[in-house]
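Asker: Just dropping this structure here.
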Amino acid sequence: MGSMLEPAPEGNYNKPLGIRFLEHIKKSSLSFKTHQAIVLIVTFLAYTSYHATRKTMSIVKSALDPQSSNVGLKSFPFQRAYFQELTESRKVSWVLGNGWVPFDSSEGTALLGELDVAFLAIYAMGMYFSGHLGDRMNLRILLTVGMVGTGLFTLLFGVGYWANIHVFYYFLIVQMLAGLFQSTGWPSVVAVVGNWFGKSKRGLIMGIWNAHTSVGNITGSLIASCLLKYGWGWSMVVPGLVIAFFGLVVFVLLPVSPESVAADGDEDELESPKKCGEGVTEPLLKSETDEEKAVGFIEAWKIPGVAPFALCLFFAKLVAYTFLYWLPFYISHTAIDGKYLTSEAAGNLSTLFDVGGVVGGILAGHISDRLDARAITAASFMYCSIPALFLYRSYGHISLPVNAAFMLITGMFVNGPYALITTAVSADLGTHSSLKGNSRALATVTAIIDGTGSIGAAIGPLLTGYISAKSWSAVFTMLMAAALVAGLLLTRLVMAEVAVRIKAQGTSTPRAPAAALEV
């Protein structure tokens, strides 16, 4: 058996144990379509668990740093159980106002912001390293190690509750290590999916598949919110155990490429660049006999389209992650119809942002496929998010239905381009025609784009921790400015796509979605 730092050669002995077991039960090899289904399901569950563990911190924040008076937190009764009143039977002292040292001080909000930036800064730096490593080793092993490690350090953060730990640097170091292991996830899952699916309908397929981000956020919010009443430690420990379990599922079941399991490829899927009229004549995946050299970091940056999309994602993720880490906190500290929601109710309500994100991701992927225009779609969504952010801040306090409606709309426009760029666009660029069919660039390109975006994701929550202490309106102004810059960064690519469409209409020649990226 080859080492994990080498591409897996063909042969049954390199198939994951779960695949071998399924083939033993079936008494025949699994079909290519079955392998594709397994890849989509396993990677979906894997990244859902990554985001579930990431989201829990935004729920736990309101317990560590309540900042609200007892009256505000007790709220007023609501008709539906979804927005439950904090009754006497559910009172826990640290929720009602005691907080958790050192986060319950006047500097508590800033300290929580520092935890966010520490996690995301290490996550961003680790992303570049993980992408480089992912193109050179067995992605199944890399994912397994990343998920188990993420579970361990998420669990250790929660252990601070029972161990009565109040040292800020303990939580800081644990979050940093969690961020390092979290960085293995995205380059790996996108590379695996890119190995199994060509460019045909990639935007729609990956738009649906990318719902794992929002599903993970929703799942993490609901689990953490429900467990808060038993102690905030449970809100960290349970998601940590869940991702460790799914890490083992990945190790047992995930086939990283058709070659690794000797699967006969679907020619339509794997050679779609040639069919779409691009300059590539090789299939996206070459045979094991063709030697491929992994693309270097600098070389990957030079691929047309990588830099503008990476910089666009910097600002797009700044907006998205500010909501990811601060939305429950913002809701619980903002009166809606003159009433304050409990921490649990605020966490539940915040899931509507991610419901909108699911719709936005699918819609953006479908539109970009139909228009053959990734940049136009991403830029349009970013521009539309600006009025959505303004309306949510200005009118979200009127009533719960109004708040929910504007939150859904905002989530759709904020997460739509974020989902599109991190999935279909990254996969398109990772198999760009300039690579001449080399498939060993997917993880590196994905890491560059999402790693750059993650730097913005670190800066947004950090700035919010300081700015929100003075004015939430200033926070939303920052978010609207970031959305505007994100859209403007794609102007050159938008113009190129428009030119391609005008030319195509004149010659009646269809072009592929990434055609404008050739410039």
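Glycine too: its Cβ is placed from the backbone N, Cα and C atoms.
Pulled these features from TrEMBL for this protein:
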| type | residues | note |
| --- | --- | --- |
| DOMAIN | 39-499 | domain 'Major facilitator superfamily (MFS) profile' |
| TRANSMEM | 30-50 | transmembrane segment |
| TRANSMEM | 110-129 | transmembrane segment |
| TRANSMEM | 141-163 | transmembrane segment |
| TRANSMEM | 169-197 | transmembrane segment |
| TRANSMEM | 209-230 | transmembrane segment |
| TRANSMEM | 236-254 | transmembrane segment |
| TRANSMEM | 306-327 | transmembrane segment |
| TRANSMEM | 347-368 | transmembrane segment |
| TRANSMEM | 375-392 | transmembrane segment |
| TRANSMEM | 404-429 | transmembrane segment |
| TRANSMEM | 441-463 | transmembrane segment |
| TRANSMEM | 475-495 | transmembrane segment |
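Describe each of these features in terms of where it is and what it packs against.
Answerer: Beyond its flanks by at least six residues, the transmembrane segment (30-50) meets 19, 22-23, 143, 147, 150, 182, 185-186, 189, 192-193, 196-197, 209, 211-213, 215-216, 219, 239, 242-243, 246-247, 249-250, 253-255, 258, 261, 263-266 of its own chain at Cβ-Cβ distances under 8 Å.
Packing against the transmembrane segment (110-129) from elsewhere in the chain are residues 57, 61, 64-65, 102-103, 168, 171-172, 175-184, 186-187, 297, 321, 325, 447-448, 450-452, 454-455, 457-459, 461-466, 469: each is 6 or more residues past its ends and has a CB under 8 Å from a CB in it.
Tertiary proximity for the transmembrane segment (169-197) is limited to same-chain residues at least six positions away from its ends with a CB under 8 Å from its CB atoms, namely 35-36, 39-40, 43, 46-47, 50, 53-54, 57, 114-115, 118-127, 129-131, 134-135, 139, 142-143, 145-147, 149-150, 152-154, 156-157, 160, 205-206, 209, 254, 256-258, 269, 284-285, 422-423, 426-427, 430-431, 439, 442-444, 446-447, 450-451, 454.
Long-range contacts of the transmembrane segment (236-254) within the same chain, counting only residues at least 6 positions beyond its ends with a Cβ under 8 Å from a Cβ of the stretch, are 16-19, 38-39, 42-43, 45-46, 49-50, 52-53, 56-57, 60, 139-141, 143-148, 150-155, 157-159, 161, 192, 220, 223-224, 227.
For the transmembrane segment (375-392), same-chain residues at least 6 beyond its ends with a Cβ under 8 Å from one of its own Cβ atoms are 308-309, 312, 316, 319, 360, 364, 367-368, 403, 406-407, 409-410, 412-414, 416-417, 420-421, 425, 476, 479-480, 483-484, 486-487, 490-491, 493-494, 496-498, 516.
Here the transmembrane segment (404-429) has Cβ contacts under 8 Å with residues 186, 190, 193-194, 197, 199, 202-203, 206-207, 209-210, 213-214, 303, 305-306, 309, 312-313, 316-317, 319-320, 323, 349-350, 352-361, 363-365, 368, 374, 377-379, 381-382, 384-385, 388-389, 391-392, 395-396, 442, 445-446, 449-450, 453, 483, 486, 513-514, 517 of the same chain, all six or more residues outside its ends.
Same-chain residues lying 6+ beyond the ends of the transmembrane segment (475-495) with a Cβ under 8 Å from its Cβ atoms: 305, 308-309, 311-316, 318-319, 322, 326, 374-376, 378-380, 382-383, 385-386, 389-390, 392-393, 414, 417, 456, 460, 463-464, 467-468, 516-517.
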Asker: Excluding the flanking five residues on each side, which residues at least 6 beyond the ends of the transmembrane segment (441-463) place their CB within less than 8 Å of a CB in that stretch?
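Answerer: Beyond its ends, the transmembrane segment (441-463) has Cβ neighbours at 113-114, 116-117, 119-121, 123-125, 127-135, 139, 183, 186-188, 190-191, 194-195, 294-297, 300-301, 303, 306, 309-311, 313-322, 324-326, 418, 421-422, 425-427, 429-432, 435, 475, 478-479, 482.
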Asker: At a C-beta cut-off of under 8 Å, are there same-chain residues at least 6 beyond the transmembrane segment (209-230) that contact it? List them, or none.
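Answerer: Same-chain contacts beyond the flanks: 40, 43-45, 47-56, 58-60, 63, 90, 92, 95, 193, 236, 238-239, 324, 328, 343-344, 347-348, 350-351, 353-355, 357-358, 361-362, 365, 411, 415, 419, 422-423.
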Asker: So what's near the transmembrane segment (306-327) in sequence-distant terms, Cβ-Cβ under 8 Å and 6+ beyond its ends?
Answerer: 54-55, 57-58, 61, 116, 120, 217, 300, 350, 353, 375, 378-379, 382, 385, 389, 410-411, 414-415, 417-418, 421-422, 425-426, 429, 445, 448-450, 452-461, 464, 468, 475, 479, 482-483, 485-487, 489-490, 492-493
